[in-house]
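Before any comments, here is the structure.
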Amino acid sequence: MKYTKCNFMMSVLGIIIYVTDLVADIVLSVRYFHDGQYVLGVLTLSFVLCGTLIVHCFSYSWLKADLEKAGQENERYFLLLHCLQGGVFTRYWFALRTGYHVVFKHSDRKSNFMEEQTDPHKEAIDMATDLSMLRLFETYLEGCPQLILQLYAFLECGQANLSQCMVIMVSCCAISWSTVDYQIALRKSLPDKNLLRGLWPKLMYLFYKLLTLLSWMLSVVLLLFVDVRVALLLLLFLWITGFIWAFINHTQFCNSVSMEFLYRIVVGFILVFTFFNIKGQNTKCPMSCYYTVRVLGTLGILTVFWIYPLSIFNSDYFIPISATIVLALLLGIIFLGVYYGNFHPNRNVEPQLDETDGKAPQRDCRIRYFLMD
């Protein structure tokens, strides 16, 4: 494994998107409060706080486990940083500093911030991988709900202010970036996995995820116009289903029972929006079932909206949005098939043992038990 300049630049771009997303959300929430739209302001701020709190819980949990593994006991300092919501920024500082020394200074430094002897390339890759997992959490816990909320607010009033447009654009960029960056980090940190080489595999994967996600979020927005309670009940049902699926698969990502429970809650929430392999096993059947349900759900929502009185919604937007939903879903499924049929790194690899059963030569790394593609 080798940490490259490309990996370093991806980390730099990652923190730029992270900070921009955070600032845009705060500015928009202030704008809502200033305009007297208190419900939208509270919801916008709540999504930000909820996402960052959960992300920092996982960040501190991982750091605590790493410190205990290294025999260190200086965790109170890091606990304070995470309580002040500075854990992610601290991780970025160490990751960028380490990455800079590795790729530009060609440092042979062998100790990290835990005073542990380690290979600098491995250290830089592990730090970047932890950040990619945290960004993935933040994207689906905060970015996706935020995007649905802002699209709903935009369609309800028929126009968007600059802050709203900024949040929508940054959320789309954050979702796109974190999705691709996570796949690159996943395969970079696990030597037994084939790398995602070239531009086309990354583009196919990005379009598959982004288009299916866009189609579903627009469908949810339409359902919110029909009946907010029905939309929330549907999302709750899907979350519970994903939560139960995580329990059935006996995920083993966290060391503590409480954090594993929280992890399964988050996995259930992520599965509301997109599919991930939560146990590293063959996913052909689960993925087929998932997107079959997604297609049926999307068509059902469009059917309900067509027969519902259009007085609740600006009809000028309905036909373009309906066409966008159908086209995005169709193209997303096509890109899914193209990616797994022609560009997936494991498409020509002989079937092997389950990646999480520990019977094959593997490097001990927490991402091995995280969400796969």
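From the backbone N, Cα and C atoms, a Cβ is placed for every residue, glycine too.
Features reported for this protein in Swiss-Prot:
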TRANSMEM  8-28  transmembrane segment
TRANSMEM  38-58  transmembrane segment
TRANSMEM  166-186  transmembrane segment
TRANSMEM  206-226  transmembrane segment
TRANSMEM  230-250  transmembrane segment
TRANSMEM  256-276  transmembrane segment
TRANSMEM  295-315  transmembrane segment
TRANSMEM  318-338  transmembrane segment
Between the transmembrane segment (166-186) and the transmembrane segment (8-28), are there three or more C-beta pairs closer than 8 Å, counting only pairs 6 or more apart along the chain?
-> yes
With the transmembrane segment (206-226) as the reference, which stretch in 8-28, 38-58, 256-276, 318-338 has the largest tally of C-beta pairs below 8 Å?
-> 318-338
For the transmembrane segment (256-276) and the transmembrane segment (230-250), decide whether they are in contact, meaning at least 3 CB pairs lie under 8 A, counting pairs 6 or more apart in sequence.
-> yes
Would you kindly list the residues that approach the transmembrane segment (230-250) from elsewhere in its chain, counting only those six or more residues past its ends and only Cβ-Cβ distances under 8 Å?
-> 220, 223-224, 263-265, 267-272, 278-279, 297
